[in-house]
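Reading through the structure tokens given below for one structure.
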Amino acid sequence: MARGPGLAPPPLRLPLLLLVLAAVTGHTAAQDNCTCPTNKMTVCSPDGPGGRCQCRALGSGMAVDCSTLTSKCLLLKARMSAPKNARTLVRPSEHALVDNDGLYDPDCDPEGRFKARQCNQTSVCWCVNSVGVRRTDKGDLSLRCDELVRTHHILIDLRHRPTAGAFNHSDLDAELRRLFRERYRLHPKFVAAVHYEQPTIQIELRQNTSQKAAGDVDIGDAAYYFERDIKGESLFQGRGGLDLRVRGEPLQVERTLIYYLDEIPPKFSMKRLTAGLIAVIVVVVVALVAGMAVLVITNRRKSGKYKKVEIKELGELRKEPSL
């Protein structure tokens, strides 16, 4: 029996229903996948324009661009504010320091960069460079830091664990350049050189103000991500630990030192001499004085012995009978 025209379903109802279901499913999936792949120390939610995923750094609450590396200043602030019971977040050990002064709670500007003056939420202040490392003596709140001095040269000094033989320098160079290009998205031109003398590896990163274009990853941020990877505290979301291999052979790093060179030399006074350095100087001076004293005493003893021998010989000559 033929149906009446009022009973026939509209031909577009089913496709429209499928589109609605697909949209809802896609939106739910987007919410489930709302994470920041380049920074796990973020809080993400689909509250951006059009319901897009938006991530904000812990501590500062600033929105971050998850298509590139997060600035080191925002990362340090996030590490300082991370709750102790947050198992999914990086909590640095007491010995995981970025410089000799250790970890501190930095002040960041609206672009996520370090402010030139840092006080660690106290009345003690100092000036830092673009990577947040102290470059002056510490002072009080009256201390002035006129500009944020850029770090244009970073030397990463590594020591790898003993291996059966030395790595091929060319293969090692190529692997480390690939790592910085693919994992840290640093333009190859900023990896100036890779040096190798078993077991020491040195990676030189160079980037001055005129070379860095909009969108370029900063060498300070790349070096910091690399440092955290090496120490087993990766900042990337959902990625495994760093697995470095050269021609299939694992490259295991056991020591990392990072040196920073600024465009303007740092300003430290003699107060920067540490107790250890002063102790070394004192030991050297004492050793020199002791050595000189021993030398003088030895010379005097030798001189006195010669005089006694001469006097004895003269006495014997006087006792001999004359012919």
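Placed from the backbone N, Cα and C atoms, the Cβ positions cover glycine too.
What Swiss-Prot says about this one:
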DISULFID  Cys73-Cys108  disulfide bond
DISULFID  Cys119-Cys125  disulfide bond
DISULFID  Cys127-Cys145  disulfide bond
DOMAIN    70-145  domain 'Thyroglobulin type-1'
CARBOHYD  Asn33  N-linked glycosylation site
CARBOHYD  Asn120  N-linked glycosylation site
CARBOHYD  Asn168  N-linked glycosylation site
CARBOHYD  Asn208  N-linked glycosylation site
SIGNAL    1-26  signal peptide
TOPO_DOM  27-274  topological domain 'Extracellular'
TOPO_DOM  298-323  topological domain 'Cytoplasmic'
TRANSMEM  275-297  transmembrane segment
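Looking only at Cα atoms, Asn208 (N-linked glycosylation site) sits nearest to Cys73 among the recorded positions Cys73, Cys108, Cys119, Asn120.
The recorded positions shown are Asn33, Cys127, Cys145; of these, the one with its CA atom nearest the CA of Asn120 (N-linked glycosylation site) is Cys127. Close to Cys127 (disulfide bond), meaning Cα to Cα within 10 A, are the following recorded positions out of Asn33, Cys73, Cys119, Asn168: Cys119. Cβ neighbour density within 10 Å is lowest for Cys125 among the disulfide-bonded residues Cys73, Cys125, Cys127. Annotation for Cys108 (disulfide bond): same-chain Cβ neighbours under 8 Å, separated by at least 6 residues, are Ser60, Met62, Ser71, Cys73, Leu74, Lys77, Phe114, Lys115.
Summary for the glycosylation sites Asn33, Asn168: the Cβ-based neighbour count within 10 Å is maximal at Asn168. Cys145 (disulfide bond) has a Cβ environment of 17 other Cβ atoms inside 10 Å. Neighbour count (other Cβ atoms within 10 Å of the Cβ, all protein chains): 16 for Asn120 (N-linked glycosylation site).
Counting other Cβ atoms within 10 Å of each Cβ, the recorded positions Cys119, Asn208 show the lowest value at Asn208.
Restricting the average to the domain 'Thyroglobulin type-1' (70-145) gives a pLDDT of 81.
DSSP assigns Cys108 (disulfide bond) to a strand in the three-state reduction.
A separation of roughly 41 Å, to the nearest angstrom, links the Cα atoms of Cys125 (disulfide bond) and Asn33 (N-linked glycosylation site). Between the CA atoms of Cys119 (disulfide bond) and Asn168 (N-linked glycosylation site) there is a gap of 46 Å. Between Asn33 (N-linked glycosylation site) and Asn168 (N-linked glycosylation site), the C-alpha separation comes to 41 Å.
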